[in-house]
């Protein structure tokens, strides 16, 4: 192995980073990149004036070498024994592994390294890297440290554009298979913009993409005082000014940055007030020292004599840093363990010996106690409640933790997880409003009414930390990462133009190839889009950015104001819609999955609805799921979201026909680069030139054929109202709430039909009926926490129309209620008995009413809410008094009126049934015939003649001889004269034998024969004897 001089710019970059306390990024291309990690680490060790920097080594599955030290020694001895040991080749890496503190970590376990700090981070297996992992691992590197990304050998960096990433398998669905790697292209292009980034090969040659470092110069050496920035000097002055103010001075001495010191001062200000009506909300990005500031504040609260302090967090394991700084604060305040306080650790192995309680007994008994976020009822005696990582706790639980005591809360925003948006969007916004209301000056008229409210009103203080603890401000790697993953787009631009009419705005299709091409103009537009996303949604993850860029089924639309023809700049974005095309799954795939109880990735609505209704045909329909609608914060609630949705629906219904003969076609795949085209050391990477326009009018692109539009969102009254107004119908409501927001996921659908088709389609009506039936049954279980108004809003849906239900019959009524039940109802309707006597019948009455089986029974909104609350949610009148906001006496009056109406309807059903049973005289209705009288007579004559002919024919064919009457006229005259005029029977002599005689003769002869045979048999027997 021959020696080679390493490019001096690599050493200068590392040394400058150490001097400025800023990180450096190296991308090493080549299979032997691991060997160059040793050289880079060696350079870093020489540049720093402290212990050997620790290393975080992240990988997917196979490390490529053994991390086990004993195993490595055995392998070394084996090589010595075989005589294959090459000291020059093997030694450097062996020595590096043996002498360096390396933390090996699988990518799927990187959440465990949060809060740790390393001097160097190595990321191998590029195909497993996701934006989340990149942000999570890079964030752990301290100032002056190195981030090293290892790539396999390739002849051109453009080959990375077509690398299949592991996450791409999740983006593919049965109908959409072709993934385009736009994110990788943008990642490679962004490396050129990072001043602290070097792309090198595995021989440490600098590649042309890093040409910006051609003129890199080493920084002149600085004294410790010269290296301090203005904020460091201000922090030093603050610490000196507070030396005489105790216990604040010693606590501020523990702070690392000016921001952190100011946050601790704000906390101590809240503690020293002792009004117990303040909320201090601390928000910051990762690595800004939030937990440390909270820990120091708790130590300050103990010093100020607070007795009951409660700390909550998603898990006690997350509070290591907080309690570490509580004890550092105690040390600064000269508290001694065992003498002044004792520490109690958890015995639960899951919590990793986390601190759960601290008992302080220096002056009087004081406790710092961990409680679970769900145990808000235990806060009765609390004086201070500290909520760490509040964004990771469900919003309803955080609200329940607020009470008549001092509250400190800290939350991460702008981090890779993007969790803090739920806190800042919803909770802090509500606290701001409450705080503003309490500050309103009370006039003479409202003084009495607001006294009680002001007594319970809370004051909100907001603190944010900008400066990082680990590295110096202005870190180039942080800026590169924020730009690449659109993390730092919280500061949304205010729109200076007026509000255009929603009807005048137009929807445009955004071409993703152009959006992610890393051109300056498209980058500005992308940052604007992501700023809207962050400002209008509670959870945004960098992984969403990769899905938006690479997933083949996702499409992006934006609503823009009318643009004057002379305008050259990009217009302001009013709203963004992200749509995911779903469905077109084969029936066989669905049947296989339903039978095994498994669902494929993607296609959220088809799989969920198919599973819920056990319908294998629904997945075959093609649909579009609205993933996000993000409206500019200045323009929310003005109708722009509804306008964007309306235009999107019209587009997919085919109302914007594409009239151009030559449709603008976007390439479905990026052209691969042949290996002979250009060498790695000569290649120049620039954004593509031959790109289509960024924005297309809807009539410039043909729409996909869709059967329905759908949406899945966290149910809130405001969102439900928005989607119902847009014509959507609920078909699914998840029974368990979301872990982060505490909201139930709701799926709503709308069929895309022509204008003349008013009905919503047979399958949607069937789904809606089934959903309503099941929802009514579940209202007393999982959905009993819903307010009656929200539940009523879900049940009542004008978009489906009121189905024609058959009126309630007497048989159905008798199946539900006995005659005695109806008697009880009637007694209550006359105010003769108490309402408790009929409570057992209210669930049945409620159910048949909300299933539209009570015909035209009309109830007001308040009556419907009351019936639903008592009958289906099984709530007490006291609970409903708060929720419906009416006094209980008024509620009982409404309830009595409901029962009166029901009794009246039941009586009508019974009366109608009795009326039908009674025989009513029917009037004969005479109607004139169409035929004339002569035609009618002719027809009757013909019928008679034909009938007569048939009868005559029958008589002719019959033998009637036995009916002939004998005797001539003389004999008849003689007999008649003898009988006289009054005789009723006469007899005439006939020559025919009588029937009886004729019948007896053969019988007698038969008897004689039988006797003769019997006599003969007897004679034979006698002879034999």
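Heads up, the Cβ atoms here are built off N, Cα and C, so glycines get one too.
In Swiss-Prot, the entry for N6-acetyllysine among 378, 426, 721 corresponds to 426. ATP binds 287, 288, 289, 290, 291, 292, 293, 294, 295, 296 as Swiss-Prot records it, and from the list 74, 103, 458, 470 the residue named for this site is 470.
Binding of acetyl-CoA is attributed by Swiss-Prot to 629, 630, 631, 636, 637, 638, 639, 640, 641, 642, and the same site annotation extends, among 528, 705, 725, 734, to 725. Around residue 631 (acetyl-CoA binding site), a 10 Å sphere centred on its CB holds 23 further CB atoms from the protein chains shown. The average per-residue pLDDT of the prediction over the region 'Required for localization to the nucleolus and midbody' (702-1025) is 82, rounded to a whole number.
Sequence-distant neighbours of residue 291 (ATP binding site) (same chain, 6+ apart, CB under 8 A from its CB) are 115, 319, 321, 322, 325, 388, 410. With respect to their backbone Cα atoms, residue 725 (acetyl-CoA binding site) and residue 716 (phosphothreonine) stand 14 Å from each other. The most densely surrounded of the binding-site residues 287, 639 is 287 (count of other Cβ atoms within 10 A of its Cβ). Taking the Cβ of residue 470 (ATP binding site) as reference, residues of its chain lying under 8 Å away and at least six apart in sequence are, in sequence order, 117, 141, 142, 143, 287. Across 629, 630, 631, 636, 637, 638, 639, 640, 641, 642, 725, which the record gives as binding acetyl-CoA, the greatest C-alpha separation is 17 Å. A coil conformation is recorded for residue 287 (ATP binding site) in the three-state DSSP classification, outside any helix or strand. Binding of ATP is attributed in the record to 287, 288, 289, 290, 291, 292, 293, 294, 295, 296, 470, and the widest Cα separation among these residues amounts to 18 Å. Most buried of the modified residues 716, 934, 984, 987, judged by other Cβ atoms within 10 Å, is 716. In the three-state DSSP reading, residue 725 (acetyl-CoA binding site) counts as helix.
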